[in-house]
């Protein structure tokens with residue numbers, strides 16, 4: 001008995017009456033031309049999502065660097081002002097929270113909120129932590145590391161966010 005193996009491209013019926021991916025799990029991402037034309041979207045594999053890379057880039061990508069003498073977090077928060085951001089250290093974690101109320105943009109009204117939590121290395125001097133926001137929207141949280149025999153000072157405290165007028169020197173990933 002011969003069994004025909006079909007490529008995923010041919011598993012979806014073609015036609016204007018077949019439901020497209022308009023109501024799938026990517027509901028909040030917005031619509032693209034291939035979402036509105038079911039014939040075009042079904043000629044591409046149904047498991048292929050063209051906008052995933054764009055979504056990752058727009059989601060506030062962060063970079064953590066921990067070298068021998070310094071710990072640094074770079075976080076893209078270009079849609080937030082320093083007043084919208086709260087940075088605090090609690091025990092061995094830094095928590096960064098951003099929230100802004102409804103604002104008008106090119107497509108209507110939008111509100112945003114995020115919460116990030118990072119574990120601090122045990123040898124970071126928590127009394128010398130700093131946080132700044134560059135003109136291009138890059139939040140930089142940094143702290144020096146201490147020698148392993150010294151106390152790093154673990155307690156809860158808020159870190160003020162200062163604004164810089166120059167763009168960030170963090171490399172884009």
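For all residues, glycine too, the Cβ spot is worked out from N, Cα and C.
Straight from Swiss-Prot, the features:
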BINDING   100, 102  Zn(2+) 1 binding site
DOMAIN    52-162  domain 'sHSP'
MOD_RES   1  N-acetylmethionine
MOD_RES   6  deamidated glutamine
MOD_RES   45  phosphoserine
MOD_RES   50  deamidated glutamine
MOD_RES   70  N6-acetyllysine
MOD_RES   90  deamidated glutamine
MOD_RES   99  N6-acetyllysine
MOD_RES   122  phosphoserine
MOD_RES   147  deamidated glutamine
REGION    1-63  region 'Required for complex formation with BFSP1 and BFSP2'
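For the pair residue 99 (N6-acetyllysine) and residue 70 (N6-acetyllysine), the C-alpha distance works out to 28 angstrom.
The Cβ neighbour count for residue 122 (phosphoserine), using a 10 Å radius over every protein chain in view, is 11. Here residue 90 (deamidated glutamine) is positioned 29 angstrom away from residue 102 (Zn(2+) 1 binding site), judged by their C-alpha atoms. When pLDDT values are averaged over the domain 'sHSP' (52-162), the model yields 84. Packing around residue 90 (deamidated glutamine) is summarised by its Cβ count: 14 other Cβ atoms lie within 10 angstroms of its Cβ, all protein chains included.
For residue 100 (Zn(2+) 1 binding site), the nearest of the modified residues by C-alpha distance turns out to be 90; the candidates were 70, 90, 122, 147. In sequence order, the modified residues near residue 90 (deamidated glutamine) (Cα within 10 Å of its Cα) amount to none of 70, 122, 147. Counting only same-chain residues at least 6 apart in sequence, those with a Cβ under 8 Å from the Cβ of residue 147 (deamidated glutamine) are 123. Residue counts for the domain 'sHSP' (52-162) under DSSP, split into helix (H, G, I), strand (E, B) and coil, are 12 helix, 60 strand, 39 coil. It is 12 Å from the Cα atom of residue 70 (N6-acetyllysine) to that of residue 122 (phosphoserine).
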